[in-house]
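For 1-10, 20-31, 47-65, the entry in TrEMBL reads compositional bias 'Polar residues'. Per TrEMBL, the feature region 'Disordered' maps to 1-91, 141-208. Taken from TrEMBL, the feature compositional bias 'Basic and acidic residues' covers 32-42, 66-86, 141-160, 175-185, 193-208. The domain 'MYST-type HAT' annotation in TrEMBL covers 248-523. Among the features that TrEMBL reports, active site, proton donor/acceptor is placed at Glu424.
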Amino acid sequence: IEPTNSSESDGNMPKRQRLTRASTRLSQSSQDLKRVADHDESPPLTPTGNAPSSESELDISSPNASHDESQAKDQSNRDSDKDLSHRPKRRRCHETYNFNMKCPTPGCNSLGHLTGKHERHFAVSGCPLYHNLSADECKVKATSREKQEDDVKGQEESTSRHATRHQTPTSKQSRYKEQVVEMRKGRNSSLQKEQKEKHMEHRQTHSNTREPLLENITSDYDLELFRKAQARASEDLEKLRIQGQITEGSNMIKTILFGRYELDTWYHSPYPEEYARLGRLYVCEFCLKYMKSQTILRRHMAKCVWKHPPGDEVYRKGTISVFEVDGKKNKIYCQNLCLLAKLFLDHKTLYYDVEPFLFYVMTEADNTGCHLVGYFSKEKNSFLNYNVSCILTMPQYMRQGFGKMLIDFSYLLSKVEEKVGSPERPLSDLGLISYRSYWKEVLLRYMYNFQGKEISIKEISQETAVNPVDIVSTLQSLQMLKYWKGKHLVLKRQDLIDEWKAKEIKRGNSNKTIDPSSLKWTPPKGT
């Protein structure tokens, strides 16, 4: 007997009528049929004629069967949601990458990872084949790196917290330094003929699809340091990709056309999606507007009237000029400058809120206009007396002395304001290197010109406008600060001073210095 839906047969009955004995007996008989159907090999049919997908479709004898069924399904869904809430969430983007993405390196099967911690990769940054390694070699290197890190952590834990205040290096540190010096001296200064041929053959075979061979170019110690940095950067990119902050292959600007230069980008910058997904951006080097194609850039350059940054020119010596740009008066230009800078800075987080800042843009002039060299930004009212919030030298002008000029110019403004300045933290890697080099040069020049016997860090700070904390940290790194008989002593290391003086003489009269007499600037009101 095929069960029927009593709710349909009782359609003429009042909705709130109580169940009769007949309907009760019908319900019991349908339950008996359900038990028999459970033991039968062929599944019973529902009123629609299809095999039931669940047991709830069989129990349809009560007048409110459909309502009871929906309640049961809702309850089961809630229970399943509770069970799933305890499970770790699946990364759908990661699963999508596993099935749909492939490493762009020719001949790579996407297996292995440069860090040795992942089974697959989908970008050149994590490709072992691109770095001329195998997946097994990456795993071995990862194991050795972890072992070294554990040893270093063990040594740090065994050392007391106040041991860092002692300026004299330990015997273990001295031995390690000697070993590094010996390893660097022992390397061959030039490649052999066979090695050169091997390098050239590798370059001709793989062109830009593989990393150049790095063996025998530098010492094994420096090469291992470089490999560690590569693995660490690859791990950071992998974390960002899994979190969804960056997407390999899309929404990542690879290169920009800036003036007569084509620059490879280093980091992600939050340009609008319609521009970021192009992979290549065209930027006007004077007004910093960004465009989608070279045709649009060519039309723009034909009618762009800008030949220098907006704002006031506060410094000029030779071809070098510095313009002061107010973020409130020239908001669009400063926003474009921040977006451009983010392509080459890792720690920069401010892009659009530019009104509280002043931007000092350094340019180099020729017959076509004033070309952007670099810039630094500065808060109009800094509570902690920061004289630099963000600083950048464009890649095409790096390692030419312009970064030190920007730093020197920021301290020159602090001297005019009669304040002691310091850069805002955290500094980028290149920024930290530049500042340490500048502080070292300032202190050695001061020591060279100092003729007295007693020296004060406060006096050095007032004369150079460098924060006392930065002075102390630099003296410590140079091993010129000692603690003896309850007093701190500053040692005048003549060897370091002579080395600095020899470099100054070799450098000669360079144009890469700031002349205070060429500054035409008064501190803005309110600062």
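Note: Cβ is positioned from N, Cα and C throughout, glycine not excepted.
Any TrEMBL annotation is an automated prediction that lacks curation.
Over the domain 'MYST-type HAT' (248-523) the predicted model carries a mean pLDDT of 90. For the compositional bias 'Basic and acidic residues' (175-185), same-chain residues at least 6 beyond its ends with a Cβ under 8 Å from one of its own Cβ atoms are 169, 219-222. Sequence-distant contacts of the compositional bias 'Basic and acidic residues' (193-208) (same chain, six or more residues past either end, CB-CB distance under 8 Å): 216. Residues in the compositional bias 'Basic and acidic residues' (193-208) partition by DSSP class (helix H, G, I; strand E, B; coil) as 16 helix, 0 strand, 0 coil. As a summary of secondary structure, the compositional bias 'Basic and acidic residues' (175-185) carries 11 helix, 0 strand, 0 coil according to DSSP.
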